[in-house]
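K.L.:
Straight from TrEMBL, here's the annotation block:
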- 1-395: domain 'Major facilitator superfamily (MFS) profile' (DOMAIN)
- 399-432: region 'Disordered' (REGION)
- 6-24: transmembrane segment (TRANSMEM)
- 31-57: transmembrane segment (TRANSMEM)
- 91-111: transmembrane segment (TRANSMEM)
- 123-143: transmembrane segment (TRANSMEM)
- 176-197: transmembrane segment (TRANSMEM)
- 226-247: transmembrane segment (TRANSMEM)
- 259-279: transmembrane segment (TRANSMEM)
- 285-314: transmembrane segment (TRANSMEM)
- 365-389: transmembrane segment (TRANSMEM)
Amino acid sequence: MAFRQRLIFICSFMVAAPIFGYLGDRFNRKVILSCGIFFWSIVTLSSSFISIEYYWLFVLSRGLVGIGESSYSSISPTIIGDLFNNNSRTMMLSVFYLAIPLGSGLGYILGSSAKVAAGDWHWALRVSPALGIMAGALILLFVPEPKRGAPDQMGYIKTRTSWLCDMKALAKNRSYVFSSLASSSVSFATGAFGMWIPVYLARAQVVQKTAEPCTTKEICSSTDSFIFGAITCVTGLLGVVIGAVTTRLCRQKTERADPLVCAVSMLGSAIFICLIFVVAKKSIIGAYVCIFIGETLLFLNWAITADILMFVVIPTRRATAVAFQSFTSHLLGDAGSPYLIGLISDGLQQSYATSALWRFLSLGYALMLCPFIIVLGGMFFLATALFFLDDREKADKQDKLHSEANKDANPARPKKAREPIESPCQLKVLQR
């Protein structure tokens, strides 16, 4: 059932993200963001009143939470990108992405506390909606709606291209494409780990004879899930902070620091994740140490990837770029990785289905696909580094062209000769 809820959630997210990306590039972003949060809050609150007879409706409502998440994940980074620039933008994006693991941990604590205090698990779904409505109201009242491209140039951008032109430009933006594929690799690994690492560690303890196998008639221990969740929260916080600080220092040495830091962290993460499957048979503590280091390195690129996008994509198509990057990450990543790992494990396990050792090994062999995907993600970041400076220069040039178009539209100013235009999409904008 949990897998079904997750699948519906991811599907709703993928459908909604491009829509919010389109709207975020053309209309008031904080209004759209607040509406998405309000929708998420109302759906979550409503789901807590659904009886067990309508369990299918409960699963559907939990999946629709993806619509709310797609609103803030698509639009929030673009607002931050228009409020700050360069190193300050990196730090503010890091603060934003710190909220992901921190919010997950606090949500677990508050939800569990509410359930215990009320003696009813439904109250776990009634705490966060109140906080969500409060957050949406605060955004409407206090968060400014910055002009698109304000920190990047003297005059902000008023002109914009069509959605089709935006998509064509993004498809030709090599840094954006490669960094999006690298982000999909991270999503693939995290999706598979979240579903299967606790199961793998539980099977490892059965092999070590420190725990009894869990049958379908028993209530299985959730200790491994709790520890893994806590590690994920902590490593998410550490990874984002270390990534921001490391990138800031490396920018003093090379202008390609952003993608290079991501590439090195991905390749380092793959090493420690491989070690999980080497040491788990003998030491659970050793496995947790490898998970901690591997996930910290893996999460290093969360905020940096968003910052790369801000450098190589012009302000008027950033929401669309963020939305389709999220869409791609889910489609190629965590939408299918848990199912694929389970399918491989079941296929390997068929010959010795009753062997506890083989059940443990078969899942480990299936999970070994993850470090290979992570290495592939590291290669994508190295490819991003090759084209990063050229794509950043192109984005800066387009910003200036659009800014000049705004100035030329002012009849009080004498018109200057325009620079050569590279694409029909740009020509359409400048002639408006």
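Placement of Cβ uses the backbone N, Cα and C atoms for every residue, glycine included.
Keep in mind the model is a prediction, meaning the values are calculated, not measured.
Each of these features: where is it, how hidden is it, and who are its neighbours?
P.N.:
Residues of the same chain lying 6 or more positions beyond the ends of the transmembrane segment (123-143) and with a Cβ under 8 Å from any Cβ of it are 30-31, 33-35, 37-38, 40-42, 44-45, 47-48, 68, 79, 107, 110-112, 114-115, 117.
Below 8 angstroms of C-beta separation, residues 3, 170, 228, 232, 259, 262, 266, 273, 276, 291, 295, 298, 301, 305, 308-309, 312-313, 321, 324-325, 328-335, 337-338, 340-342, 345, 363, 366-367, 369-371, 373-374, 376-378, 380-381, 383-384, 387, 391 of the same chain, each at least six residues beyond the ends of the transmembrane segment (176-197), sit close to that stretch.
Taking Cβ pairs closer than 8 Å, the transmembrane segment (226-247) reaches residues 90-91, 93-94, 97-98, 100-102, 104-105, 108, 193-194, 197-198, 201, 257-258, 261, 265, 288, 291-292, 295-304, 307 in its own chain, all 6 or more past its ends.
Same-chain neighbours of the transmembrane segment (365-389): 174-175, 178-179, 181-186, 188-189, 192-193, 196-197, 200, 255-256, 258-260, 262-264, 266-267, 269-271, 273-274, 277, 298, 301, 308, 311-312, 337, 340-342, 344-345, 348, counting only residues six or more beyond its ends whose CB sits under 8 Å from a CB of the stretch.
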